[in-house]
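Chemist: Shown below is the structure under consideration.
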Ligand SMILES: *Cc1c(COP(=O)(O)O)cnc(C)c1O
């Protein structure tokens, strides 16, 4: 039976993360479905043998993976705890109540809806709760770091609503709150959206609240990226300012793939109806249980330390990259996220992503509004995953060195860098070593 490409790894490389259920789970999968087992274990190996710098990714805990792989996956549960359309929901009701209680406590929200299947589903439901098709919405423009759900023409948001985009200052790369205010006054939006896929700085939620109040708009915070930092006290909390807070549970927050909406009691019924039955069907109870496990982990002192280390690592990585000549947008970061222009090193963003991938550094390209280089694109890096692995500032300096070496590497040299990447990550196996 084919095993997971051990040939591609040096003999002393870690064997990769334990799949959910541990080695016994791997044996079971290998017996039941060798074709899929090879893919799944291969992916676990890929995650462990490279530097995972995609800003939206992380390594969930074995406890979160165990909840995801639990028999709660079998249960149908349309509706909400105590009011389901199916029998036998007593225990999944308990699971959802725990998830709601933990999310509300973690973020200081009066109400939490933990059913959205993803961050995008949360945003869809938030719009459904407050808006009607044709309403005007002011959000960060896509070329500046707005998400697809912030008015992209290929997304429901751009088709069903009239989006106006705000940008960032072309020199500083920072949100110009006066400019946002002027746009709000000119367009009178029904809702103002703050949040981005690539903005590396803290968002001034009080400033957005003041603008929203001035024009009588709702404020929706799409905190998909920073919500994990909020949980750990390493970023400002939008909950006291925004009418609705949309978030993912799988980015820095390190829970399972999914979304949620946080709000005050006055919006609870509208939000709940907008999620089910308006935009979704049955809740995914295994994911909701896993979200609860993730919220429980995020409420610990260890997670607070983690969130602060994520930011310290991003700052160290940004500074080390800048010292190598990479141009860092906004000159640094307040969060887990760095956007950078590699073109001063003679490589455009797309070529950079390819060379970095060959060397085992996995990251994204992103829009870079003030870049003069290739089609306004840069690279986006995040430190959530490598920090979960236990890396600190020392390793960030090493990553910056490897980053630049990979950019300069031509052909065979890339494999030399890749060997160094393997050596580095070999000391930080995301799920421990398989015995
Ligand atoms: C990641 C993200 C989303 C969407 O999350 P999915 O789970 O991929 O649907 C929405 N908004 C912002 C700002 C994001 O960063």
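Using the three backbone atoms N, Cα and C, a Cβ is placed for every residue, glycine included.
Sequence annotations record features per position, and here TrEMBL assigns (6S)-5,6,7,8-tetrahydrofolate binding site to 142, 146, 147, 148, 265. For 8-22, the entry in TrEMBL reads compositional bias 'Pro residues'. Residues annotated as domain 'Serine hydroxymethyltransferase-like' in TrEMBL: 31-401. The N6-(pyridoxal phosphate)lysine feature in TrEMBL is assigned to 251. The region 'Disordered' annotation in TrEMBL covers 1-25. The feature site 'Plays an important role in substrate specificity' is assigned by TrEMBL to 250.
Thinking about packing and proximity, how do these listed features fit into the structure?
Modeler: DSSP assigns residue 148 ((6S)-5,6,7,8-tetrahydrofolate binding site) to a helix in the three-state reduction.
As a whole-number mean, the pLDDT of the domain 'Serine hydroxymethyltransferase-like' (31-401) in this prediction is 96.
Counting only same-chain residues at least 6 apart in sequence, those with a Cβ under 8 Å from the Cβ of residue 251 (N6-(pyridoxal phosphate)lysine) are 55, 56, 57, 58, 224, 225, 227, 228, 384.
For residue 250 (site 'Plays an important role in substrate specificity'), the same-chain residues that are 6 or more apart in sequence and have a Cβ closer than 8 Å to its Cβ are 56, 58, 60, 256, 257, 258.
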Chemist: Same-chain residues six or more away whose CB lies under 8 A from the CB of residue 147 ((6S)-5,6,7,8-tetrahydrofolate binding site)?
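Modeler: Set apart from residue 147 ((6S)-5,6,7,8-tetrahydrofolate binding site) by at least 6 residues yet with Cβ under 8 Å, we have 119, 120, 123, 195, 196, 197, 222, 224.
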Chemist: From 142, 146, 147, 148, 250, 265, which recorded positions have a C-beta atom under 6 Å away from some atom of ligand 1?
Modeler: 147
Chemist: Is it possible to get the count of other C-beta atoms within 10 angstroms of the C-beta of residue 146 ((6S)-5,6,7,8-tetrahydrofolate binding site)?
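Modeler: Taking all protein chains shown, residue 146 ((6S)-5,6,7,8-tetrahydrofolate binding site) has 26 Cβ neighbours within 10 Å.
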Chemist: For residue 142 ((6S)-5,6,7,8-tetrahydrofolate binding site), what is the secondary structure by DSSP, using just helix, strand and coil?
Modeler: helix
